[in-house]
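Chemist: First the structure, then my questions, so here it is.
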Amino acid sequence: MSAGAAPTPLPGRLPGPAPVTRRLRAHLVAFALALLLPALAVGGVVTWQAVMAYRSAFERRLEDTARALALAMDREIGSFAATISGLSTARLLDAGASEADLQEFRARASELAAALGSYVTVVGPPPDYQTQLHTLIPRGAPLPAGLRLPAADAPLPRVFATGRPAIGGVARGRAVDRHTAFLFVPVIRGGRVIRAIGIALDPSRFARLLQAQSQSGGAIAAIVDSRGNIAARSRDHERFVGMPAAPWYVLGVRDRRIGLLHGMSLDGEGLVLGFAELGTAPGWTVAVAEPRSAYVASWQRPLQALALGGGVVLALGLALALWLGSRLIRPLRALAADAEAVAQSGEGDTAPDLSAPPSTVTEFEALRRGFVAADAALRQRADAARHGEERLRLAVEGTGMATWEMDAATGRLTWSRHHFLMLGQDPDRPEEASLAMWRARVHPDDLARVEAEWARAEREGGRFHVSYRIRRADDGEIRWMETYGRAIRDRVGPGRFVGVMFDVTERKLAEERQQLLMREVDHRAKNALAVVQSVVRLTRAEDPVAYAASVEGRVRALARAHDLLARDLWRGAGLREIAAEELAAYLEAGRAGIAGPPVRLAAEAAQPVSMVLHELATNAAKHGALSRPEGRIALSWELDPTDGALRLRWEEQGGPAVPGPPRRRGFGSRLVEATIGAQLGGKAAFAWDPAGLRCDLTIPAGSLAPPTRSAGAEPPPAPAAERAATQGGLHGLRVLVAEDEALIATDIADTLRSLGCEVIGPAGTLEEAMRLADSAGRLDAALLDVNLHGQPSFPAATALARRGVPVVFATGYSALPEGSGGFGATVLRKPVAPAELAAALRAAVGTAAA
C-alpha cells in the first residue's frame, strides 16, 4: 500500500476545492483600503464634478466667442450690403439705360466703393452674365467677356433665380491679383431681376476684424466660406487664405448653426473649437480654436491634486496596516508550524516538536493548546490505519483491483499501487495522493454526481457505489471506473471511508455499442416504414395494377438508395451511382446521358435525391421524352464555386410537344418540390419548354458528403437491364423458394407462378429448405434468403450447388456475410421487382445450362 497526505478538510465532509487564501497582512491592507477608499471616492466625485464644470466653461467660452465674432462679421457684411442695395435702386440702372447713364452710375459707385476700400461691378442677366461695368477698369477699356462661374452654387445664378442677395466664396480675382469674395444684390425692375450689382469683400479686412478681438492665450479665430475655404484668419492670414479648411471641420459644421468640434489643425496640432454661422452669409462660419493641450490643462489640475493627495493618504494607511500586520504574523507563523507538525505526526513514532510559545492573545493560546491535544489523538488513529492497511494489502494483492482509504477527519488518503496506475499517476510518489489529484482525473460531467453519492453515503452512513469516467494523467485516455465503498464511523470522531475501484471500460463500451446499434436500427427501420407509408398514401392511379406499379417503383428507388448507403456504412453515396441505378434501363438503351464531376451526397440526402430522379424518370416515361422511341433525357450537374451548392439539370428532348405547365400538380411534382425545398433546403424550378421539360435543382452544400469512399466497399451491382440480358423461357421451371418472412415468401411465390414456374415451398427455415432440397426431386433453380431465422442458408446452397442446381440469393444485406463465397450465385437486393427476379432466374438457368 502507498499513502499520501492531502490538505485537511472539514471533518465528515468531502473536501471541496482549496479556497484562495491571503496572508493576514493582505487582510489588514484590505481593511485599511475599506476605510480610505470611500472617502477618496467621495472626493473623486466632487473633483470630477469640478472637472466637468471647467470643461463646460471652456467650451461655452469658445462658442460664445464664435457667436460674438459672427455678429461682428454680420455687421461688417451688412454695411457692404446696405451700400450696394442703395445703389441697386438708382434709375441709372433701369432697363434700356444708355452708356452715359452707366458711366454716371460708375462715378457714384466708385466713390462709395472707395470709401469702403472696395470696388463695384455690374453684371448682366444669364446665360452670359456679361460684365457691364467695373469700377477698377478705366472708362473705354474692354470689359471681361463674362463671369467665370467656379461652382454650381455660384452667387450670381442664385441672385437671378431668387431675387435675393448672395455672397460667393473666396477666390483670386481677375481684375486684382488677390483673394476676394463678392456680395451681389439684384437690380429688380418690373418684378424681375435685370442686373446684379456686386461689391468686393477684402478677406484682409475680415482678418483685421478678427485680430482686433482680444483672443486669450493661443486662441485662433478664422472665417470659412460656404465652399469650405479659409476666408480670413487672425494669425498667418496671408499664408492660409484661400486654402481648404480641414475636412473634419467642413463635415462637422454641415447643417449646424453653432457648436463645438475636436480635430487637428492644418499644422497638425490638436484643436478644440467653437463655431457659429453668419446670418448674412449662409454657409459661412466663424471658428474660434484653442490648442487641445490648453483645453486638457484646464481640467487636469484638479485631477492631479486629487491623485497626489489621495496617494499620500493611501500610502500612510497602508504603511500603518503593514506595521500592525507584522505584530500579529509572528505568533501566527509559530502556530502554523505547530499545525504542520501535528499533521505530519502520524507518519512516525517521534512526537512532534511544538515550538509555538505561550501567547498573550487569548485566541492564539487556545489554538496552541488545541494542537497539543490533537497530536495525541491523531497518532492513535495513524497506528490503527497502518494495521488495517497491511491486512487489506494482503487480501487484495494480485487481484487487479485498486483499494483506497480516507480518514474523514484529516483528509489523509491511502491508495494501493494499482490505484495510482489506473489513474495514470506515478506509484513511486505516494505522497502526492490527494483528493485534489483524484478530482483532477474525474471527468467534469461526472464529478457532481460522484460527490453527491459520496455526500449521501457520508450523511446516511451507508454504502457508496458509483460508476464514473476518468481521464488518465499520463496519456489522457478516458476510462470507466466503478467504485464500491462505505463509511466507517469511529466512536470518537467522524471515522473513515474505505473501498475498492475496478476498471469497467470494456463493459461500458460494449453496452454503449449495443445501445447505439439498437437506436440506429430502430431509427432506420421506423424511418423506412414512414417513407413507404407516405408513398403508399400519396400514390394515385386509375387502376390497381398501375397503383401497384407506382408504389413498387418508388419503394424500389428507396431500396436502391438504401443499398448504396449501406455499402459505404451510411457515410454517403455517389451521385453518379444513384443516377446510374435510377436510369439503368435508359442508359443501356442509349436514351439517357449523365455528365458531372464526382459528387457524394450525405446519407440524409441520398434517398430523397433517388426518389426525385425516379419521379422525373417515371414522368418522362409516361408523359415526356421517354414516351416516344426517339426521345432522350440528359442529367448533368456541377458544383457552384461560390457557395459549394450542387446544381443539377434534367432536360428532355424528342418527346411530345409540351403545351405549358400542367393544370393540376401531380404527386411527382409535389414530391420533387417538397423533397428538394422543404427536406433538403434547396430549390426546384420547372421550365415547360415546347421542346421538352427542363428541371433545375439546387441542393445546399450542407447536404453533400466529403469526396472519399471507404476502402473495401462492395462494388455496385450490374444494371437491371444487364441482368436481364440473358434470354430464355421460365415456363415449367421447378424453383425452390426459402424465405422466412411470410408476406415476402407469398409475394415471391405468386410472382414465380405468374411467370409459369412451379414453386417448391416456400421453406421458412434452414431445416425445411434442406428437407425440400432432398425430397423435391428435379430442381431447375433455387431462390434463397441469406438469413433464415438467424441461420445462414449457405449449407442449403452448398448442397444444391453439388447437384448442379443454380442458386439465386435474395437479401436485405448490403454485403453478404462470411461464408457466401464459392457459389458464383446472383445476388438480389430486397425488395425484388418481378422483372429483376425473372432476369436473374433466366441468367442463372442459362449459365447452368452452358
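Keep in mind that glycine also has a Cβ here, set from the backbone N, Cα and C atoms.
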Chemist: Among the residue ranges 474-494, 663-683, 705-725, 810-830, I'd like the one that TrEMBL describes as region 'Disordered'.
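Modeler: The listed stretch tagged region 'Disordered' in TrEMBL is 705-725.
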Chemist: Using Cβ-Cβ distances, find the residues under 8 Å from ASP785 (4-aspartylphosphate) that belong to the same chain and are at least 6 apart in sequence, listing them in sequence order.
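Modeler: For ASP785 (4-aspartylphosphate), the qualifying residues are ALA738, GLU739, ASP740, GLU741, ILE744, SER793, PHE809, ALA810, THR811.
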Chemist: From the DSSP assignment alone, can you count helix, strand and coil residues within the domain 'PAC' (464-516)?
Modeler: 12 helix, 27 strand, 14 coil
Chemist: Hey, does DSSP put ASP785 (4-aspartylphosphate) in a helix, a strand, or just coil?
Modeler: strand
Chemist: On the DSSP side of things, how many residues of the domain 'Response regulatory' (734-845) fall into helix, strand and coil, could you say?
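Modeler: In the domain 'Response regulatory' (734-845), the DSSP-based counts are 44 helix, 29 strand, 39 coil.
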